[in-house]
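*Asks:* For reference, the structure I am asking about is given below.
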Amino acid sequence: MSPTTARPTGRRRRALATAAALSLALGATLASALSHAPAAQAAVPAPVALSAADQPTQWWYDAMGYAELHKYGTGKGITVAVIDEPIDPSVPELKGKLASVTTLCPNKAVATGTGAAADHATNVASLIVGTGRGNGGPGVRGIAPDATLRFYALGRGDNDVCNNSFDQTMAQTMDRAVKDGAKIISISLDGGFNQPLFIAALARAERAGVIVVSGTDDQGGVDYPALANGVVSVNFVDRHAKLDPLAAHGTKSAGLVDIAAPGTNMLMGSHRGGRWVSGTCACRGSSLATPLVAGGLAAVWSHFPQATGNQLLQMMVNTPGLTRGSASGGGSGWVYGFRRVGSGFPAVKQSGGGFGWGIFDPADMMYRQPAQFPDVNPVLEISNDDKVLPTWSQVTGKPLPGQGSTATATGTASATSGGAAAAPHSADGGGSPLVWVLGGVVIVLVAAGGVAMAVRRGRSRQAPAEEKALEGSSHGSGI
């Protein structure tokens, strides 16, 4: 179908791709931006002139510390499944990098394409295993270049042939990915994934120890599958570590976002006249942040192959990027960043706003030890409420613990940063009270010396008043 045609079911690809086609010349400013988003998406803002500092680039490489990350892990031995629209495996960024390309959609669906309908999936996969080679422009380097990537298409670019059996096919695809050995599943699609067949398949994947990563809806909120219990919900930020205006914000995302990652002004590729041209997309959306988290986890997992998926996630939420600075709402203290810079990091709990536990920092996760973390999924709420799906019992196959259906877990809901080995440029530690002054809000917290078990706040609860004030005062940058 054409890239501007909305699915009747309302399911959407996550990357809004605000500038899906860029006219670029050496030293030129942003000239045009054409939406590849379906009509069901929010309207794309008109392109504006960007300062030199905000030109679309491949800025996330340095921000996330690719060079340091890849000293320790490149994803080798870890299988990542990507579920998306049809893909173009022939582009230089992906040539020879896909272990398999499959679709379970009926009616002669195709898994590959060489037009605009394949842009989304091609860029998503490139962020995980991209070669860095391009055609006519800079290619994309993957965050886990040696991971085994298995791709599963849902046929959206093939006249929606998957539509009438979408829920069944999505469930079958999840099961196939697990059977094929996926340790991480990345989904950059949203809308309508709360059907019983998908929820049951998701529960089976989580019970098997598979990490499932998905993103916010690029309309300021969170939808399924990111809304599902046990799924890592990913929001997106710009190069300044601030939430994108289209990212999930405030009370609409209260307790629903787990982590944030780069997703704004990402220089990538697109098909133009049936030909792939690298460096022609100023892409934007949680679709881009999602594979960076999935691939980053694969890179870390390859360094710690004995770790469980739950321990890896505990390590993730205990190790957000933090640095000293000024919050956008005023005041100074610890603010979100892409790397951990400094020492004596404070305890961090899941935010009531758009950052979740913070900004994903896989490079500094390499300096932690997964064995010190509990084998408990921090993004799985302990609840059998039918509004929290899949339920705890569906995932674990066990009755609720003695705390009751709304219990959070033994221990504290805070993710702490103590007890870690030090990175060359940072040191985790603590033990003394820390005073944060953000936007006039003074908060005293204790950076604990041990590691607490992080748990997800209730999916249906509102953020506490203190967290609402904090999110409002430090909108887009502070803790």
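Backbone N, Cα and C atoms are what each Cβ position is placed from, and that goes for glycine too.
Among the features that TrEMBL reports, active site, charge relay system is placed at ASP84, HIS120, SER287. TrEMBL lists 402-426 with the feature compositional bias 'Low complexity'. The domain 'Peptidase S8/S53' annotation in TrEMBL covers 75-320. According to TrEMBL, the region 'Disordered' annotation covers 391-426, 457-479. Per TrEMBL, the feature signal peptide maps to 1-42. Residues annotated as transmembrane segment in TrEMBL: 434-455.
Mind running through what each feature is packed against?
*Replies:* DSSP assigns ASP84 (active site, charge relay system) to a strand segment in the three-state reduction.
The secondary structure of HIS120 (active site, charge relay system), as reduced to three states from DSSP, is helical.
Around the Cβ of SER287 (active site, charge relay system), 33 further Cβ atoms fall within 10 Å across all displayed protein chains.
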*Asks:* Fill in the CA-CA distance, ASP84 (active site, charge relay system) to HIS120 (active site, charge relay system), as an integer in Å.
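*Replies:* Between the Cα atoms of ASP84 (active site, charge relay system) and HIS120 (active site, charge relay system), the distance comes to 8 Å.
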*Asks:* Hey, what's the Cβ neighbour count for HIS120 (active site, charge relay system) at 10 Å?
*Replies:* 30
*Asks:* If you average the pLDDT over the domain 'Peptidase S8/S53' (75-320), what number do you get?
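*Replies:* Per the prediction, mean pLDDT sits at 93 for the domain 'Peptidase S8/S53' (75-320).
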